[in-house]
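What TrEMBL says about this protein:
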TRANSMEM  37-58  transmembrane segment
TRANSMEM  92-112  transmembrane segment
TRANSMEM  148-168  transmembrane segment
TRANSMEM  180-201  transmembrane segment
TRANSMEM  237-257  transmembrane segment
TRANSMEM  269-286  transmembrane segment
TRANSMEM  306-327  transmembrane segment
TRANSMEM  334-351  transmembrane segment
TRANSMEM  415-440  transmembrane segment
Amino acid sequence: MAAHQEEKLAEERKHQNMQNGTKASQGQWGRAWEVDWFSLASILFLLMFAPLIVYYFIMSCAQYQCSLTDPLLDLLTGKKHLSDIWNRTPMLTYRAAAIYSLWVTFQVVLYVCIPDFCHKFLPGYVGGVQEGAVTPAGVVNKYEINGLQAWIITHLLWFANAYCFHFFSPTIIFDNWIPLLWCANILGYAVSTFAMIKGYFFPTNAKDCKFTGNFFYDYMMGIEFNPRIGKWFDFKLFFNGRPGIVAWTLINLSFAAKQQELYGEVTNSMILVNVLQGIYVLDFFWNEAWYLKTIDICHDHFGWYLGWGDCVWLPYLYTLQGLYLVYHPVQLRTAHAVGVLTLGLLGYYIFRTTNHQKDLFRRTDGNCRIWGKRAEYIECSYTSVGGTKYYSKLMTSGFWGWARHFNYTGDLMGSLAYCLACGFEHTLPYFYIVYMTILLTHRCIRDEHRCSSKYGKDWKRYTAAVPYRLLPRIF
């Protein structure tokens, strides 16, 4: 969400001594210690305008039939004033507050109170207590992996209500969509503010905190690496995976139910969006243990970027295709539908196969075969804050020999498929592929800054062996 640079290792050691009082080391990695003017300007822009961007998209659907230009034209021509648009916007209601509070509380209970049992009867699924990656301070946290279980329980109850109990309408999410947006914003800002206060006064691990001295940067990008309450409630894992991603498929189901209510049918485009995004969500939870090794958990500190982003940005902008199809139902031609499905499944295959190759490589410490050949890799080393030296291997086989982030390429193909399912009448549903392209390209650059600081000369040897980031021979 915001570009920022990594500082030189010598500067990092200097600031680390001043702020944490720990021994200087040569392998510190993570976000920046100091903030350049461009990073600060980007952060201030996002803090001020990201909530408005989300509101603008949702308001455009509710008041302007998903046109992104008509609200601006009305304001510029004087046809309407901001107060006119705001007065037509549903406010926070007690009903929405009750729904949202119950939802978040239920997900906390599923996360904290019910140990995973799915790994005991689902072959190939890794759940239960798992270890995360080594933090910059050399800490190895343990996590209770039970996201798939939470997703299954939640959806079983959803369908039981829809077909048996009828306690609430399946359209309840759509019917309270904007009031729920205010609830999500309140939680996003509350948890981000709490995380910052906690980082200053009672951090989980002081050696894994970073202070730049810039309030806005620290608030957005976070101070604590792994803020926790008690032994098991990990802020990053909970808010990255629950409640937003569990809700993703429920939101799409509610949109499909609303389409059925309004038009008497669910279009093939809505079915495609539900199926393709449902596959992505299920893949996330099936591989939640693998997620512990990704950039979100391994490198990002927990601040507004993750706290508010997971509460508001993810559930509201990642589901734009389903929302659009409620207002503009699209029945695709058979060839178009098959093409969208093919692109989505191919993207998922590349995404999953690429990640599987890396996971296999990690589990076997490189003693495996990729595409029928022994895995090839670059040996490298790095040093933790405490001065402990660690050794690692960077794979150069399979899809990882094609590009350094080829899993993102598959992810982008799937993202494009969601958008193409909506036809070509409006640009609004295509925001997702534009955003994901910017996000994943930025993540590539951000991750490689960190890896360069972390691995030094070994990283240069790796980039010489695999010269492309996303597209072989292009980028």
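Each residue, glycine too, has its Cβ placed from N, Cα and C.
Caution: TrEMBL annotation is automatic and unverified by curators.
Counting same-chain residues at least six beyond the ends of the transmembrane segment (306-327), those with a Cβ under 8 angstroms from any Cβ of the stretch are 1, 50-51, 54, 57-58, 61, 65-66, 174, 177, 181, 184-185, 187-189, 191-192, 195, 222, 235-236, 239-240, 243-245, 247-248, 251-252, 255-256, 258-259, 262, 267, 269-270, 273-274, 277, 296, 300, 418-419, 421-422, 426, 428-429, 431-432, 435.
Taking Cβ pairs closer than 8 Å, the transmembrane segment (92-112) reaches residues 144, 146, 149-150, 153-154, 172, 176, 179-180, 182-184, 187, 232-233, 238, 242-243, 246-247 in its own chain, all 6 or more past its ends.
Same-chain neighbours of the transmembrane segment (148-168): 106-107, 110-111, 114, 116-118, 122, 125, 127, 242, 246, 249-250, 253, 257, 281-282, 285-286, 288, counting only residues six or more beyond its ends whose CB sits under 8 Å from a CB of the stretch.
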